[in-house]
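Structure first, then comments.
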Amino acid sequence: MMLSLARKLSPPRPTKLPLHPLYFFSSLSASQSNHFSSSSPSPSPPPKPCQSSPLLAILRSFSSSCSQSPTASSHPLPPLSALRGGCYEEDSGGAPPSLPLCPGCGVHMQDSDPSLPGFFSRPSPKSPDYHAPLDRRRLLAPDDPHTSLSLKAGLIPLQQDNPTSPEPKPNPEIKTLVCARCHSLRHYGHVKHPAAENLLPDFDFDRMVGPKMVSPSGPRSVVLMVVDAADFDGSFPRKVARLVSASIDMNSRAWKEGKPANVPRVLLVATKIDLLPTSVSPEELEDWVRKRARVGGANKVAGVHLVSAVRNWGVRNLVDHVAELAGSRGNVWAVGAQNAGKSTLINAMGRCVGAKLSHLTEAPVPGTTLGIVRVEGVLSGQAKLFDTPGILHPYQIITRLTTEEQKLVHISKEMRPRTYRIMVGHSVHLGGLMRLDVDESSVETIYVTVWASPLLPLHMGKTENASAMIEDHFGRQLQPPIGDKRASELGKWVRKEFNVKGNSWDASSVDIAAAGLGWFGIGLKGEAVLGVWTYDGIDVVSRDSLISKRALIFEEAGFTVSKIVSLADSAQNKLKHNKAEKKKHANKVEPADDSTSVCEAAIGA
């Protein structure tokens, strides 16, 4: 009784607004709506679908009735082979697709199908007064429904009414629209939809870029041959070197005969030199780079530049040399293997000259750039700079690894040596990807220095136990590969033999390098026969030593201390413990069963 009396004496509660008028009234039938309006104590007409109200203004973006559907792509999608920027001469009759080009990776963007390459989301439209200053006079009204409680409480600072204060300067940063793939790579470091990227056919460098670089007519061509200093032989573009060298010889003869000819200029750029130890002399490194370039087929090079795009080492000299060779109308082509650092280098060149260029997407993922991207603002006049997709080198071991395995192989900091002093009949494992056997030697011991990612675990032991290492530890303590069955998926385990010679105990004389992985530095004073094991198709070369020094403290036999080995050992010990507990429990149960059977037999007797 008291509760009912209190309800009658209490003032009536204000009518609550529904969550959304359209959704509420559309869910009711006509009779239900009439019943709702007649039973209401203070009937009022239902609100219009799109009336202007602060609540509706907030909820309009969540309504399917009031919000406008995103504009669909008005252009028909071209063939998948033409979605790569610059790859349309033969696929679409000589005309580029009528789709916007992603400035980050060079793919043609579309907003019609998220499962196809180049998908992007259109930004939501903003009102003209989105960044307008707040009106303080409206905040004085205590019952103003358009002002939020946070503003009234002073949690957001307001612009002071000072007519003499200067107007805010516009933001000089250029905000460009990129595809969803570039957005995911820039902010999360991985491709959001790998299946969509796999739909694109392989980039045909010989058809799309090669003829333009070596054309005998047209503007002068400057070739920026970008090579990863930490993986020189694996990332060196041998195909490009042979193509450009042949064009230089042919066009030089034609020019001497008075015929029109365009002789390409080649600049060899060794990037990521910050990953090499600081003890490496720039003069010795440049001499070593020129020798290895001649072995790879680059006979005539206009210049060699040692560059670190991360630390801006040598970028200014490179920009000046490129501008000098290109002139006012030349075409500059940045070419190289996947993940060699072309886009990072071009971004560093843009920062060096202070150009307001759109940022190319950088990521430690092979094949980040998908199409040919023309970069504006780096060169003056009518000279053009082009970033090209990375050339696929199937003989690099990184091309066979998964994303998680690539993270273990990727080198992001200055390399540190790990040295073993081993005798004949012993082996060194570099993860589960490479093994070095000392089969014969004219000296008692040799020094083996490993130059690779510090995340890769190592193991040194007797060669006679190597087969057991593959069965018991590949995919566990020795990663990559990650998983017990991944080793068989990478290919056949094959052996290559190398005869090496050295003349010093104190420095490495020869390198045994695997493409996309790293190398072994061999130090000895004599001769030795080495057996190198890796997966079939991976390129392994013998070369003069790049880094002659070795570690001051030698590694011991067995596994190196690493997080991978620790986790694998913990999992293996846990498995052994569980098996032992099960066996112990089974041994306790068996006697009880025997005694029970004996008692039953006695009772039966």
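Glycine residues also receive a Cβ, built from the backbone N, Cα and C atoms like all the rest.
Annotated compositional bias 'Low complexity' per TrEMBL: 32-41, in sequence order.
Sequence annotations record features per position, and here TrEMBL assigns region 'Disordered' to 32-53 (among others).
The domain 'G' annotation in TrEMBL covers 332-399.
According to TrEMBL, the domain 'NOA1/YqeH-like C-terminal' annotation covers 448-546.
Tertiary neighbourhood of the compositional bias 'Basic residues' (577-586): none, as no same-chain residue meets a CB-CB distance under 8 Å with a gap of 6+ residues from either end. Summarising the annotation, TrEMBL assigns compositional bias 'Basic residues' to 577-586.
Annotation source TrEMBL lists region 'Disordered' at 577-597 (among others).
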Overall pLDDT of the domain 'G' (332-399), taken as the mean: 90
Residue counts (helix, strand, coil, in that order) that DSSP gives for the compositional bias 'Basic residues' (577-586): 10 helix, 0 strand, 0 coil
